[in-house]
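Colleague: Take a look at what TrEMBL says about it:
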type   : residues : note
DOMAIN : 1-61     : domain 'DNA helicase Holliday junction RuvA type'
DOMAIN : 157-199  : domain 'Holliday junction DNA helicase RuvA C-terminal'
REGION : 64-141   : region 'Domain II'
REGION : 152-207  : region 'Domain III'
Amino acid sequence: MIASIRGPVLAAGAGWVVVGVGGVGMRVEVPSGRVSQAVPGDEIDLRTSLVVREDSLTLFGFASQDELDVFGHLIAVSGVGPRSALGVLSALAPAEVARAVLAEDEKPFRKVSGIGPKTAKLIVVSLAGKLVDLGLDDVSDAAGGDGDPAAAVAEAVRDGLVGLGWGEADARQAVQDARDAGASEESAGLLRAALALLQASRGGARR
């Protein structure tokens, strides 16, 4: 895996740079406007993520570790591909992503091309509680530190289920039942467990 890349800029455009490494020019996709304006001949140092597909190898590069970490969390969300994640980081700095998640505000994500309302809600739910370790101290301080993290995650998951079209009462009960059954207190695990209960209940009602 290519974890970082450093070398002279050979060429650059909107959302990409070509970096010279050992006589080879490597194209790296970067967030538009988030990597300092690259000029051929300048030295550049990027943290990278190599995305492997059946028909392609694409290298994504970021100016900071926080950007790379947020990118990794974003592409783990169902419905968010690398290009959409790059679009998020082109529009929002890592701290802005964290603030939106903390505020349970999906509107900033809905402004990104390729991300619809349901996916935006899933981003908020799936990233809940995951960005406090990224060194974003202002975001952590904004949370106040006095609330119950597990309850906050449960509330975010409930809101996410409502955003996906489930009734509020059903969503709340499913989240509570999932927690009572020992489901993970991490947002993605709790969401999966609650969804499974809701889908099982819906399937049983049809019999």
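Keep in mind that glycine also has a Cβ here, set from the backbone N, Cα and C atoms.
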Colleague: Calculate the per-residue pLDDT averaged over the domain 'Holliday junction DNA helicase RuvA C-terminal' (157-199) and state the result as an integer.
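Modeller: Averaged over the domain 'Holliday junction DNA helicase RuvA C-terminal' (157-199), per-residue pLDDT gives 84.
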Colleague: So what's near the domain 'Holliday junction DNA helicase RuvA C-terminal' (157-199) in sequence-distant terms, Cβ-Cβ under 8 Å and 6+ beyond its ends?
Modeller: 76, 104, 106, 117-118, 121-122, 124-130, 149-150
Colleague: Can you count helix, strand and coil residues in the domain 'DNA helicase Holliday junction RuvA type' (1-61) using DSSP?
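Modeller: Looking at the domain 'DNA helicase Holliday junction RuvA type' (1-61) with DSSP, the answer is 0 helix, 39 strand, 22 coil.
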Colleague: Would you mind splitting the region 'Domain II' (64-141) into helix, strand and coil residue counts from DSSP?
Modeller: 50 helix, 0 strand, 28 coil
